[in-house]
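Chemist: Pasting in a structure now, in structure tokens, and then I'll have a few things to ask.
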Amino acid sequence: MKALVKTQHGTGHFAVQEKPEPTPGKHQVKIKVKYTGVCGSDIHTYEGHYPVAAPVTLGHEFSGEIVELGEGVTGFNVGDRVTSETTYSICGKCSYCTSGDYNLCSHRKGLGNQQDGSFAKYVIARQESLHHLPAGVDDRSAAMTEPLACTHHAIAKTSINKGDLVVVTGPGPIGLLAAQVAKSHGGTVIITGLSNDQVRLKKAKEVGIDYAIDTQEVDIKELVSELTDGYGADVVLECSGAVPAAKQGIDLLRKKGQYAQVGLFAQPEIQFNFEKIIQKEISVVGSRSQKPADWEPALSLLNEKKVNAKTLVTHEYTISEWDKAYHAIKSGEAIKVLLTPID
């Protein structure tokens, strides 16, 4: 089969290669990939900022159909429509594993990072990571369950009450999903971007976000102040991984506000104003990926139409058209890009 592989570390080094079709082991299934999403981490990997176990087939956001069962698999059948968590293996013994926080296991191996992922015709997933797709969730939307689960995970680390003002920085796919999840909690939501984010900001309005703001044209601090009688935002979800946005997020928060870092920074060390965090008693939390408890709620949000993921898909390419996908994302033309396998 053909697979899109990160062949070695460094910038670039993506190639479509011929690989043997995988065979499911015990308690594993073989899935024929329908759609697989391009994640921000895939972009970071291509640019050499995000380490993976190269050579490895990338891809971890996907929907598909089970075509083969490994020994001992129960509860799933050939022909089932599924998606899978990104966890391929864990130690199963540490305190994080026993509490269901698989994303924090030091020995965890993830699809598309340490284990071959979904930028291929077939992918192997373990039974424990599988989720049936509800009838009301189409294959394109289902391929975005993983990023939606990530936003659910981040928002679960905060407390959003009806009427709270939530600022989401970064109108990429994660930001647009996070904004919709925040709306589902009853928050009044502002999503921010830059002048080259017009397509994404327009989409934010289409999916019902209260305010979609170009911060190069509008004084966001003044708007937040007007909406909160000078107090500031209750919650900031930083989804861009951009240092200026992170600094702005801290500045926009009210005293005792909540800040969640969701986006990945290109460089791991950044300057942060901890004096503001201290003086305003801001709660700061990091959010890494997702865990099993986030997946069924994410699928319910899709099935109940509280989140519209499909409308975020603007471009589709085959795995052999990576260059086109990359440039569509980097230019700001694309919102969400899905890839399809090739024979």
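We number each residue from 1, going along the chain as drawn.
Just so you know, glycine gets a Cβ as well, placed from its N, Cα and C.
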Chemist: In Swiss-Prot, the NAD(+) site includes Arg200, Val262, Gly263, Leu264. Which of Ile160, Ile174, Ile220, Ile319 does it also list there?
Modeler: Ile174
Chemist: Determine, to the nearest whole angstrom, how far the Cα atom of Glu61 (Zn(2+) binding site) is from the Cα atom of Glu146 (substrate binding site).
Modeler: 6
Chemist: Among Cys39, His60, Glu61, Arg200, all listed as binding-site residues, which has the most CB atoms within 10 Å of its CB?
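Modeler: It comes out as Glu61.
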Chemist: Are there binding-site residues among His60, Arg200, Val262, Gly263, Leu264 that sit within 10 Å of Glu146 (substrate binding site), Cα to Cα? If so, list them; otherwise say none.
Modeler: His60
Chemist: Taking the Cβ of Val262 (NAD(+) binding site) as reference, which residues of that chain separated by at least 6 in sequence fall under 8 Å from it?
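Modeler: Non-local contacts for Val262 (NAD(+) binding site): Cys150, Thr151, Ala154, Ile174, Ala178, Leu237, Glu238, Cys239, Ser287.
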